[in-house]
Amino acid sequence: MDAREMKIKAAQAALDYVEDGMRLGIGTGSTAEEFVRLLAEKVASGFRIEGVPTSERTARLCVELGVPLKSLEELPELDLTIDGADEVDPMLRLIKGGGGALLREKIVACASARMIVIADETKVVDTLGAFKLPIEVNVFGLAATRIAVEKLAARHGLSGEIAVRTSGDGPFMTDGGHLILDASFGRIPDADALACELNAIPGVVEHGLFIGIASLAIIAGPAGARVMTV
């Protein structure tokens with residue numbers, strides 16, 4: 001079973017948690033896109049949901065496939081969000097934001113009664129940090145914000161490059177018009193403390209540590225899908 005087949009397995013299992021009439025947050029990324037394709041098939045057969053996308057990319061795919069959408073302004077309280085993750089640890093702490101949508105992903109997830117993560121088994125780790133931690137920052141004061149993040153990392157004993165994400169010939173811009181710093185920490189022993197302290201840095205809009213947000217994770221491997229809970 002290749003990586004895409006595992007993503008499809010996780011997405012199929014997640015569909016069992018989606019009920020007719022739900023207000024559904026719809027994630028961003030390759031695994032979430034497999035979920036959207038499967039969801040669109042159910043919608044085409046008469047299944048009713050109202051979806052809130054976590055990125056313009058997800059919104060375009062939903063429109064293309066006929067998944068009905070609302071804005072978060074129209075549906076500020078959601079029943080469920082289903083989204084992927086770049087890393088998942090045994091406590092369901094996540095690193096997200098590889099697709100650049102971490103701010104909207106976190107807002108939508110926190111507006112939901114529960115969040116289900118879908119991923120393949122390569123995303124499960126004992127300790128977060130091997131995947132670069134995305135930190136969304138304001139354009140204004142970029143250099144000062146990066147220095148503040150570097151100093152915070154040093155206080156936590158973390159090292160590694162903290163680089164501005166690029167796209168083509170220039171910096172990557174989020175849907176909200178912000179930049180992303182990708183922090184190559186390698187290992188984050190105390191993700192809870194780091195998350196709190198990153199939030200306190202002026203210029204940091206949001207970060208990719210999702211702590212205490214996911215309700216369960218559906219992890220797919222060659223033998224099928226399994227459920228992780230805390």
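Cβ coordinates are placed from backbone N, Cα and C, and glycine is handled just like the others.
Just so you know, TrEMBL annotations never went through curation; they're auto-generated.
TrEMBL lists T28, G29, S30, T31, D83, G84, A85, D86, K96, G97, G98, G99 as substrate-binding residues, and of the candidates K123, K151 the one it assigns to that same site is K123. Each of G27, A32, E105, A119 belongs to the same chain as T28, G29, S30, T31, D83, G84, A85, D86, K96, G97, G98, G99, K123, is absent from that list, and has a C-beta within 8 angstroms of the C-beta centroid marking the substrate site. Put simply, the two farthest-apart Cα atoms among T28, G29, S30, T31, D83, G84, A85, D86, K96, G97, G98, G99, K123, the recorded binders of substrate, are 16 Å from each other. For K123 (substrate binding site), the same-chain residues 6+ apart in sequence whose C-beta sits under 8 angstroms from its C-beta are G84, A85, D86, E87, V88, I219. Neighbour counts of Cβ atoms within 10 Å were taken for the binding-site residues D83, A85; the minimum is at A85. On a Cα basis, G98 (substrate binding site) lies 11 Å away from E105 (active site, proton acceptor).
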